[in-house]
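Let me begin by presenting the structure, written as structure tokens, before commenting on it.
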Amino acid sequence: MSLRTPAPPAGREDEPAPKALPVVGRGKARAGRAMLEVAGLSKRYGDVQALDGFDLTARPGEIVGLVGHNGAGKSTFVEIVSGLIRADSGTALIGGEEPAKARGRIGVSPQNIALYPPITVREHLKLFGGLSGLRRKALTDAIDELTAALRLTEFLDRPAGVLSGGQQRRTQAAVAMIHRPALLLLDEPTAGADPETRQALLDAVKLRAADGAAVVYTTHYLTELTELEATLAVAKRGRVVARGTSAQLLEGLPGEVRVTLADGTELHESTTDPTAALMRLLADTGQPVVSVDVRKPDLDDLYRSLAVLDGD
Amino acid sequence: MATDALYRTGLMAKHNTLLRLRDPGQLISYIVMPMLLMLVFKPLYVTALKSGTLQAVTGPLVMFSVFALSIVGNSIMVEREWRTWDRLRVTRSSRAELLLGKTLPAFVILLLQQCVLLIFGCLVIGLPVPPTMGWIMLAVAVWGFTLLALGSALATIVRSRGDLGMVSDLGAMLVSALGGALVPVSLMPAWAQHIAPASPGYWAMSLLRAAIGGDASGMVRPALVCLAIGLVCGAFATYRLSRGWGRSHLL
């Protein structure tokens, strides 16, 4: 059994490697000025430094997966960019404007469910669509289109309070997307969601990005970001410590090979070369092998590697 | 732009009216209970006091209008419980639009409650029909505004609906009792008479009595005091609400 010190991830901030990477994929939509430009944001709550020089950009059509452990500053970042709270220092610009002036261009789906329990899904969408400038047919069309995309059509006339958790999550996202915002901030939109809800939300997010919206998507699930073809921004202690595609960030990180023997013994090795590791593990077993599991590096490995390098 | 602002304010008002209509219990109880009290206490007041009918109507009216400030408070508290206020703040609506749309239906409810009770007082309890309806409407509107501001301010400083219920119930009893809603101030103990003007209920009673009697000059001072209380509380509530709740237990 062997454990190796993880290799440094690509794109760490203390390397000359890029903070904002060259744009990958969906080239047309991502060209031009960034929709979201955040530089040096700092925010302190009492003794807690929630943000400490947070930088992030997102271009039209780009999906940025903002990942990090709880308390990394993701939600504070979302609140500042939404214009709900003010940063102690630093700048946040949406299409060149401060958040307070860009409200109609932002759509926010907060981490916690924030719906009116006695009000139906349709009434929610009429309210928030109307407050965001949609009228009559445009509003009706937007409701029809979005609820179809999010598989909410059959629940349109049900009060939010009687919906399941997944349906509430989708309604929450629909409220954020109803006015086709130029910047979509989704704070853990799939937390606790079932596979159907997750897929519906991912599909809707992809559609919005294809329409040209810049999306910042905070999550703990790397697989979602892979499906969204998102670039990653890893937040830690109030700042973005790594930025790039998942392939770039995970490159060089060890995954894990796990072998279970007939007597129940488990052998495992962290490795960047699964084949060689498997050969080594199987060489001296002398027992039948029950199962072999090869796990690719994931977000947890990335977090761990960052923690090791930061001396945590 | 002004049309848009008006539209958004109307949308918010409609939305908040819908929320009220789907949970009308408090309002019904704060209209029915004072009616019952008027009926039950009328004989006592009429026997004991020269202006017994006036006391029988204005006393429960003021007391339960103060209780009704919990309706205002609750309408704001639920936004905090449901975390919906911040969602509204992210929309294109200005703070003024959101606050106006939020408070307008509550204000109408407060006016409705007082008007229904006054009509009941005239038709059932035997209160003489006031000579000048304009003064009545003015008094009801001024007192309604004061209650609206008080309830909004209260909702921004309490930690929970339980706290709100406790403060508004105890406060309503204190404000209305000190103000002379249960017993005329002149019959209260000397110490209570001394501190009665500190209660908004005292000024509400004075205002309504003057308005019912058609005494315009008698309305001026109580109306100004009520307005002043309303403006101070309203400014405080507006300031707190425009900031949102953030991560605090309070605003």
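Keep in mind that glycine also has a Cβ here, set from the backbone N, Cα and C atoms.
Where the annotation comes from TrEMBL, it is an automatic prediction and has not been curated.
Annotated in TrEMBL:
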- B:21-244: domain 'ABC transmembrane type-2' (DOMAIN)
- B:27-45: transmembrane segment (TRANSMEM)
- B:57-78: transmembrane segment (TRANSMEM)
- B:99-127: transmembrane segment (TRANSMEM)
- B:133-158: transmembrane segment (TRANSMEM)
- B:170-192: transmembrane segment (TRANSMEM)
- B:219-239: transmembrane segment (TRANSMEM)
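Where the transmembrane segment (B:170-192) meets the stretches B:27-45, B:57-78, B:99-127, B:133-158, the count of C-beta pairs under 8 angstroms peaks at B:57-78. Stretch with the largest number of CB pairs closer than 8 A to the transmembrane segment (B:27-45), among B:57-78, B:99-127, B:133-158: B:57-78. Beyond the transmembrane segment (B:99-127), the same-chain residues lying 6 or more positions past its ends with a Cβ under 8 Å from any Cβ of the stretch are 8-13, 15-17, 20, 27, 30-31, 34-35, 38-39, 42, 53-54, 56-57, 60-61, 64-65, 68, 71-72, 75-76, 79, 93, 136, 140-141, 143-145, 147-148, 151-152, 212, 238, 241-242.
Within the chain, the transmembrane segment (B:57-78) has long-range Cβ neighbours (under 8 A, six or more residues past its boundaries) at 16, 19-20, 26-27, 30-31, 33-35, 37-38, 41, 45, 84, 102-103, 105-106, 109-110, 113-114, 117-118, 121, 125, 127, 143-144, 147-148, 150-152, 154-156, 158, 160-161, 164-165, 168-169, 171-173, 175-176, 179-182, 200-201, 204-205, 208-209, 212, 241.
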